[in-house]
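Remarks on the structure that follows.
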Amino acid sequence: MGEKPTIAISHLGCEKNRIDTEHMLGLLVKAGYGVDTNEELADYVIVNTCSFIESAREESVRTLVELAEANKKIVITGCMAQHFQTQLLEELPEAVAVVGTGDYHKIVSVIERAEQGERVTLVSAEPTYIADETTPRYRTTTEGVAYLRVAEGCDYRCAFCIIPHLRGNQRSRTIESIVAEAEQLVAQGVQEIILISQITTNYGLDIYGKPKLAELLRALGKINVPWIRMHYAYPTGLTPDVIAAIQETPNVLPYLDLPLQHSHSEVLRSMNRPWQGRVNDEIIERLKIAIPGAVLRTTFIVGFPGETEAQFEHLLQFVQRHEFDHVGVFTFSAEEGTPAYKLPNQLPQEVMDERRDRLMALQQPISWRKNQQEVGKTVEVLIEQENPESGKLIGRSGRFSPEVDGQVYVDGEAKLGTIIPVKIHSADEYDLFGQVVSHN
């Protein structure tokens, strides 16, 4: 057997996709393959694609075309491979393999088969696989932070969303498995663990018969990691038990990522959101009272088919009233294969864009005000990078999640991957600026 080929991975899409990328890297390294970050030097490039909305697919296609033009042997993995396997093979002769979301753990045998000249298609119709703490993993995040998947797939069928088709139904890992992986991450020096799944508040429902997020948080609270953050918490799943676990577990950050999508009950019904009209003022106020100082992030979809100006105004007033810390806004993307694709009264893109801009313009002064409230405080900051030109450190406080929220720009010296006290001296609508607090 000659020398094994070198492999690069181009990662696109969400942090769930990132974990798949990290497991593929871990499996390849364990099998003796060279992994290179430089795609030009690699024999094979694995493109872990995203297919969530049109813009994500366009980015995936651009990447694939660029690599094809460079005559690279391409292995297509991820959601787009799951979604469009036949078209991809037809249109990209450079693709030596297409691997679905439930099959990436077989990546080593895929490369071996491709090396023998086979064109490999490995796409399970219904993905059922989920990696655990025994699956090799090679992290690609900054050294202080790691994502930890507690479950994969989704049992809900929201009208606009194709994820259940791409990722399968929910399958949770056991509490023991998650704790074991968390301990491995802490041993690697991780300071912040971010729990992810499609619906984190439904964690455990499929294997325990009821959600077990509160028990999971308490179990993770016994691990020596400074920060545990949750993403994708449905407000209706934030039960008194879960809220108590957040309050009583010191290393669980009071950061709630609530994918609300809209405020108007009729729009929520059209979206087939699981709580229908129960997203209301009471739920948000209850959370604020139960967890004082909670940082609230949410996302909204504007321009859902049939959304009236009055319904959009309802959303504007809702955002104005509740003053979320962070808001992400997407315009509706009609996805073939979803019920919303065929709904009447699809809105023109310019109307959707204008509504997105109005909502973001409303949120900006709120975000600015929230950040101004941090000025003068000394806050804990996880230092993640150093700007090579200015020497400034860049990190995040507990208010900010990676990639989606702001950052803290810090003067002073500190070791990367550590959490240090920083005195905040100024802020804009996105970021904070501060100085390392010396211990003299």
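For all residues, glycine too, the Cβ spot is worked out from N, Cα and C.
For 5-116, the entry in Swiss-Prot reads domain 'MTTase N-terminal', with the evidence type sequence analysis.
Positions annotated as [4Fe-4S] cluster 1 binding site by Swiss-Prot: Cys14, Cys50, Cys79. Counting only same-chain residues six or more apart in sequence, the Cβ atoms lying under 8 angstroms from the Cβ of Cys79 ([4Fe-4S] cluster 1 binding site) belong to Gly13, Asn17, Thr49, Cys50, Ser51, Phe52, Thr101, Leu166, Arg167.
The domain 'Radical SAM core' annotation in Swiss-Prot covers 140-370. Confidence across the domain 'Radical SAM core' (140-370), taken as the mean pLDDT and rounded to a whole number, stands at 94.
Under the heading [4Fe-4S] cluster 2 binding site, Swiss-Prot lists Cys154, Cys158, Cys161, citing sequence analysis as support. Other Cβ atoms within 10 Å of the Cβ of Cys158 ([4Fe-4S] cluster 2 binding site), summed over all protein chains shown, number 20.
Annotated domain 'TRAM' per Swiss-Prot: 372-438, in sequence order.
Neighbour density for Cys161 ([4Fe-4S] cluster 2 binding site): within 10 A of its CB lie 23 other CB atoms from the protein chains shown. The Cβ of Cys154 ([4Fe-4S] cluster 2 binding site) lies under 8 Å from the Cβ of Cys161, Ile163, Pro164, Arg167, Asn169, Gln170, Gln198, Ile199, each of which sits 6+ residues away along the same chain. Sequence-distant contacts of Cys14 ([4Fe-4S] cluster 1 binding site), defined as residues of its own chain at least six apart whose C-beta falls under 8 angstroms from its C-beta, comprise Cys50, Phe52. Take the mean position of the Cβ atoms of Cys14, Cys50, Cys79, the recorded [4Fe-4S] cluster 1 site; other residues of that chain with a Cβ within 8 Å of it are Leu12, Gly13, Lys16, Asn17, Thr49, Ser51, Phe52, Ala56, Gly78, Met80, Leu166.
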